[in-house]
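Annotated features in TrEMBL:
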- 13, 16, 19, 157: [4Fe-4S] cluster 1 binding site (BINDING)
- 23, 138, 141, 153: [4Fe-4S] cluster 2 binding site (BINDING)
- 79, 82, 87, 121: [4Fe-4S] cluster 3 binding site (BINDING)
- 91, 111, 114, 117: [4Fe-4S] cluster 4 binding site (BINDING)
- 4-32: domain '4Fe-4S ferredoxin-type' (DOMAIN)
- 70-101: domain '4Fe-4S ferredoxin-type' (DOMAIN)
- 102-131: domain '4Fe-4S ferredoxin-type' (DOMAIN)
């Protein structure tokens, strides 16, 4: 199967959240009610990604210099399916796999809930359930794309903000759209960070990634390389467990020190 990519065009997203609902329906994910009340923002009660919420639409309010009301943008957030996925590298039981399509698939039947993937991900994607003792995440509709169908979110999107296909074709479309919006958004750019081997979910952003809750230059941590080459092969021996604990502590501290969301964000 050819390598595929999904484009998320933030300049066209209207925040309808049809993709969120479609994902829940296709994968039979339960609805969530957290008793939230209106607090003056446009975010919905669900918040960010969760064990039963593989897709989220985040709301961004961008100030203008001309005295006009702020501009609103919406960014669909899900697993970015890295070309060199840290989550796959640290998984001790191979529950995560980077497939030939580029999708990073998760086998929850194999997952043991160690949460190493959760700590290693530079985008904060995998989410753990204490009740299930497993993690979950978007799998790029691996079941659909291997049967010749597009991801359910792409099928649902009413504005053309989502495009799916073979990687080179999608990247060409992204570049064409970038040129088309240059006059309106001089700082627009394609987000396909090389530090994680590129991503199979790429963004067309109106401005710098930090303004839309994305790290400017995410990288595969050195600790992940250590895990992959030394610790993971030795499996369950005591030295491996000790080193694994050190790796996880290092990655968690790294994330707390600033590899996250630097922009002002409301989540829709």
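A Cβ is built for glycine as well, from the same backbone N, Cα and C atoms used for every other residue.
Feature annotations (TrEMBL) mapped to structure.
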residue	record	Cβ within 10 Å
19	[4Fe-4S] cluster 1 binding site	25
79	[4Fe-4S] cluster 3 binding site	24
91	[4Fe-4S] cluster 4 binding site	26
111	[4Fe-4S] cluster 4 binding site	21
114	[4Fe-4S] cluster 4 binding site	19
117	[4Fe-4S] cluster 4 binding site	25
121	[4Fe-4S] cluster 3 binding site	23
138	[4Fe-4S] cluster 2 binding site	25
141	[4Fe-4S] cluster 2 binding site	24
153	[4Fe-4S] cluster 2 binding site	26
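In this structure, the CA atom of residue 114 ([4Fe-4S] cluster 4 binding site) is 11 Å away from the CA atom of residue 87 ([4Fe-4S] cluster 3 binding site). Broken down by DSSP into helix, strand and coil, the domain '4Fe-4S ferredoxin-type' (4-32) contains 9 helix, 6 strand, 14 coil. Comparing the Cα of residue 153 ([4Fe-4S] cluster 2 binding site) with the Cα of every entry in 13, 82, 111, 117, 121, these being the binding-site residues, the smallest distance points to 13. Sequence-distant contacts (6 or more apart, same chain, Cβ under 8 Å) of residue 23 ([4Fe-4S] cluster 2 binding site) comprise 29, 54, 55, 138, 152, 153.
In this structure, 16 is the one among the binding-site residues 13, 16, 82, 87, 157 with the smallest number of other Cβ atoms inside 10 Å of its Cβ. Residue counts of the domain '4Fe-4S ferredoxin-type' (70-101) by helix, strand and coil are 5 helix, 11 strand, 16 coil (DSSP-based). Among the binding-site residues 13, 16, 19, 111, 117, 157, the ones whose Cα is located within 10 Å of the Cα of residue 87 ([4Fe-4S] cluster 3 binding site) are 117.
In space, 79 is the closest of the binding-site residues 79, 91, 111, 121 to residue 13 ([4Fe-4S] cluster 1 binding site), judged by Cα positions. Counting only the Cα atoms, the space from residue 91 ([4Fe-4S] cluster 4 binding site) to residue 121 ([4Fe-4S] cluster 3 binding site) is about 11 angstrom. In three-state terms derived from DSSP, residue 117 ([4Fe-4S] cluster 4 binding site) belongs to a helical segment. Of all the binding-site residues in the list 19, 79, 141, the shortest Cα-Cα distance to residue 117 ([4Fe-4S] cluster 4 binding site) is found for 79.
One way to see the shell of the [4Fe-4S] cluster 2 site is to take the Cβ centroid of 23, 138, 141, 153; the remaining same-chain residues with a Cβ within 8 Å of it are 19, 22, 26, 27, 54, 55, 78, 139, 140, 151, 152.
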